[in-house]
Structures are given as C-alpha cells and as structure tokens.
Amino acid sequence: MSNNTTSLPAENSSHPRKGTPIRKKQREEAQQFINTLQGVTFPNSQRIYLQGSRPDIQVPMREIQLSPTQIGGSKNEPRYEDNEAIPVYDTSGPYGDPQAKLDVHNGLPKLRAAWVADRQDTEALASVSSGFTQQRLADEGLDHLRFEHLPRPRKAATGQCVTQLHYARQGKITPEMEFIALRENMGRERIRGEVLLQQHPGQAFGAHLPENITAEFVRQEVAAGRAIIPANINHPESEPMIIGRNFLVKVNANIGNSAVTSSIEEEVEKLVWSTRWGADTVMDLSTGRYIHETREWILRNSPVPIGTVPIYQALEKVNGVAENLTWEMFRDTLLEQAEQGVDYFTLHAGVLLRYVPMTAKRLTGIVSRGGSIMAKWCLSHHQENFLYQHFREICQICAAYDVSLSLGDGLRPGSIQDANDEAQFAELHTLGELTKIAWEYDVQVMIEGPGHVPMQMIRRNMTEELEHCHEAPFYTLGPLTTDIAPGYDHFTSGIGAAMIGWFGCAMLCYVTPKEHLGLPNKEDVKQGLITYKIAAHAADLAKGHPGAQIRDNAMSKARFEFRWEDQFNLALDPATARAYHDETLPQESGKVAHFCSMCGPKFCSMKISQEVRDYAAAQEQAAAQAQAATPTTAAQPIDITQPINMLQSGMEKMSAEFRSRGSELYHRPANLSAEANNEPT
C-alpha cells in the first residue's frame, strides 16, 4: 500500500449518533487501520504458495516455523533435533502476505479473471442491467462515496451457463477445483514426522473423507450437489473455497452497517479483520444507508466469497414497509448484486403462507428478519411468497453469473422451547423441493439451519436436512444450546456448532458476544471467529478428517518439551496465549522455563514425567551395557520385568522427593525461590 495517507469516503449524515465522541473515535481508528494496511502474518509464520498445474494457480498457506528440540548433549554443547514447520489453511488472502502491495482504493488483484475469460462463455456488458444501479451511478452526489475503479460486469453469453455445478456435471475440472483440492489437503504431504501424523479414527456419520483430496473428487462432490464453490464471475478477487460435509468445516462471519452505527471504512476494516481470524466467507448484512456503495468496497477488497440477504436492501428501497415490496423491485436488486459480484444470496423462499399460522403458538414466534419480512408480505397480500412463486426466474439470474443460493430458514426457532417444531421442518421440506428446482438450472445450493436447539435435539436437524434436502450442504447459525447467557452466546452456540459440524454440517455461521444485544465491533468479530474456528476444528477431529490432528500433535509435543514460543505460535490466537502466560511469567526466562505458572517449577506433571522417563531410560541403558558385558547363550531367557522395575524405581525416587518437600501439592513462590537458591525457608 502507498505510504501516502488516503481516506475512504466520508458519509454525510444528520443522525445524532454519528457525531458522538465514541462514533468519531471508532471511525478514526478504522481510517487509521486502512491508511496503514499492509500484508502481515502471525509470529514466526511465513506465507507459502502451493503451485498448481498452471502458473496462476498458487494456493496460499501459512507455515508456522518451529524451534528445534534438545535431545541430548551438555549445557555447553547441546544436541538438537529439528521440528517440522506446520502448514495451516489461510483465509487472509493478500492481507496475509508481507510482500503484497495493498491499496483498498484499487482493490485486490483479480485472481480468477483469466480463468473466467479462458472459458469463453461470458461477455462484458455495455451497461449495468439494474435500474437502481443506473440511478446510483447517475447521482453525482454519491461520487465521494463511490469505489473509483468500477469494473465492467460480465454475464453468461447467450445460451451459456457459467456455474461451477454446470462445469462439474459436464466432467470439466476447472482451475477453481484444482485450487480447492490443493487447499483442502493443507499441504500435509510436506509432513514426514510419524508423531505428527498420528490420528485417532473419527466417527463421520456417513461422510466420505478420502485420504487425499483430488481435483476430480472436488468435481464429483460439486456435480452431486453435496458441495458448492461460491464464485461469482464478477468477484474475481476471491480465492476459491468449497462448502461440503466431505471437506473441512467452514466458518462464516457477518458484518454490515445499520441505520444507527458503522461506516464504510469500518466495514472494510471488519472484512480484513475477519479474514485474518479465519472467516471462510463473509456475509454483508448492511441495512443502513449506502448499502450499494458499501458492498462495492467490500467486494473489491475481499479474498473470500461474499454473501448477502437481498431482501434487506429491497426493504430499504420501500422505506421499510414490507407490504410495498414487489417482485419487479426484488428482481432488480438481484441483478444489481449479481453484477457487483455477490457470491451467494440468502433467500427466504420457503416461508409459505400456509406455514405462518404454525408459528402462532411459539414462545418466540418468527425471529428471522428475512422470514418475518416475507411472512408479513404474505399476510398483507394474502398471496404466496413471491420468492417461491418466481423461484425459477431467480435461478435463471443466478445461472448467468454463478451466484449460489443459500436457502434461508425464515422459520428457524428463536428459543430452545420452539426447536424442531412443525413450522421449522415444514419449511425445511420446502427448501428440499426448491433445491431440486435450482439443480435443474445447474445453480449451486446450500441449506440454512437453526438457531436455538438443545443438545439432545441437534442431530435430528442434520438427518432431516440430509434426507429432505438431498445432501445439499447444511449451513447453520450455531445452534445455541441454551438461552440463559446473553453476552456469552458465542459459547452457547459454539457448543452446538461443534456438535452439528461433527454430524455433517458444512459451514457454521459465527455468533458473537453481542448476539441478541447489539451490533458487533471489531473485537466481537474476533471473539466470535476464534470460538467458531475451535468448533469447526473440533468437528474435523471428531469426523476424522485426514490431517486434522497434525497441529494438535505439534502443540502437544511443544507443550511437553516446554517450547513456549512454539506453543504461542501454534495457537489460534498467539497474542492472547502469550499475554496470559506473561501475566505470571513475564521474564524472558519464563519463555524457556520447564514449568508453567499453574503448577510452578516444583510440581509440573510434564516435568516430572520427563524426569521419570529420563531416569528409566538411563537405568535401561545401564542394564543393557551390563548385560552386553556378560556372556550369554541364545537359550537364556530375557527378563521382561527389568524395564518395569526401572520405571517403578523412578516413580519411587520421585515419590521420595515429593515427601521430602513436606508432601504439599502447592508451595509459596518465596519458598520455591529460596529452595532454588539453597536458602533456608
């Protein structure tokens, strides 16, 4: 990025909150973040690229460098054994490459532009198709807000379908599919250590998890509808990724401005921040002013797929009056967003007129914003949902730009009391019907799920979805497993997310600490993402996804060997891990200490285990040397009790040490310090 200070466009607003000191500070901080934006990676990590079959297929990974393990020698001449670097999945795009030149005013490099052009089945449009977009472009009063370098939108050529599902069904392996295969394998072919490659068998609940993911396997899964590649031809900046239960569990982050808070620069900041902390996709749920302009800035700077809920913007166009929505206006909104580059639309097309009365006896009614909008429209007109009625036309639009459909659960339960009720599953069955229609047009589909569901009722959600939605990928909000923890709903939902991810859910929509309370800020986004990356990883481990345990094994080895710096660097959040450690052991000596602050130097279980192991090994070596010096015959039996006796001897020695210190579990720090210095206590 240029060193010159630049500014994102300022929004003019008469809203009173915009002028408050807190709002001003937030915007200034976001502007500073944008001004100083440069590619960065985590401590002791480096960006690497896995090369594909053509020069422009380069898959980014983050490689965590580890320190060597001391395996012997003396204090003055120690002997070391190298530890392998650990490659990990990286969603940060160019923002995670210290060599990248970044400028949000120009946007990211168009990674996929050549791939789209090479297929020769699209054409650049002479002008935008959306009447609303034409109005915005003609409004000179918006020039100060507009992304300056607007690309010309593309569309499928006449008679062509440009979806990844269409190519997959034709037997074509696209560059996107090859990119994904390399990415999903996470570079684990680079790992050679037997300890790192050990993994417990998983329980996959019917998922098929091959040892090595190939581009052909990716093609097969997409062709079968079990996975989607959200990749609008007008969002060439995005790096290909896949959502499906036979792949790594993915995480979505929600961002977006509202009528009372946030600005364009803050949303761009949240986008970059989200990709840094592991968001596989990002949904722009903006409902405030300048939705169109905000989305353009986000898309041009996003290395991950972007999803939206188009009904939110359509509602803004009718000043929030749901009854005034029309199909024509909504269709124009779809064209507007498809030509900007939105990768997937959430549509609440399964909220049917006859299902609305089913929610009357619920404790919390209809809690989905999109679901309530469509329910109100249906009741006010006493007509069927226009999204359902015009679903085939929607599919035709999506097929022309490769916009995936995320069929929304507008009747999801908003409390555990309402979980798994008649309305929820009636809508789910309708989403299965719509899935088949979308597939007729080669449009990619995933299914959205709840919501609030107690643990014992979660698995049924997965089995119902697989059966009635024909194994299309499932994408759930949590689910939250209890309703008693406002402020901690990233925890209540993370529990449910880990469970449903294990059962086969393909993507988890994060929940932040602000759920039910307010709009998330930057720190809330991080907390939600870390929680959900834990849930997704736990699900991958439980399923037995090949290679999922490598990072865990590396962490455990570093922990046992007291390699503190490696423990920090292998963590999902290295800075927090280091900060917690340094609260009690801030000195540099604490980074090499063979104990932690919980047990201290005199009662560390791992230190004791190492001492016992070393003692037993020394005893065994001495016995072997003695035996080698004694003539034996081939018929002499081997004494298998010797190693056991040696271990017992080691344990007895440590027991004596424990008793000699007074048989106390814990010791005062002053006493430990005095003992270490041979002072009286």
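Cβ atoms are placed via backbone N, Cα and C, with glycine included.
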Candidate sharing the substrate site with Asn254, Met283, Tyr312, Ser368, Arg369, Gly370, Asp409, Gly410, Leu411, Arg412, Glu448, Tyr475 (per Swiss-Prot), from His235, His348, His390, His429: His348
Feature region 'Disordered' in Swiss-Prot, mapped to one of the ranges 130-153, 658-681: 658-681
Pairwise Cα distance for His516 (Zn(2+) binding site)/Ser368 (substrate binding site) [Å, integer]: 12
Top Cα neighbour of His452 (Zn(2+) binding site) in the set of binding-site residues Tyr312, Ser368, Gly410, Arg412: Arg412
Number of other Cβ atoms within 10 Å of the Cβ of Gly410 (substrate binding site) across all protein chains: 33
Position of peak Cβ density within 10 Å, selected from the binding-site residues Tyr312, Ser368: Ser368
Those binding-site residues listed as Arg412, His516, and which of them has the most Cβ atoms within 10 Å of its own Cβ: Arg412
Largest CA-to-CA spread of substrate binders Asn254, Met283, Tyr312, His348, Ser368, Arg369, Gly370, Asp409, Gly410, Leu411, Arg412, Glu448, Tyr475, angstrom: 20
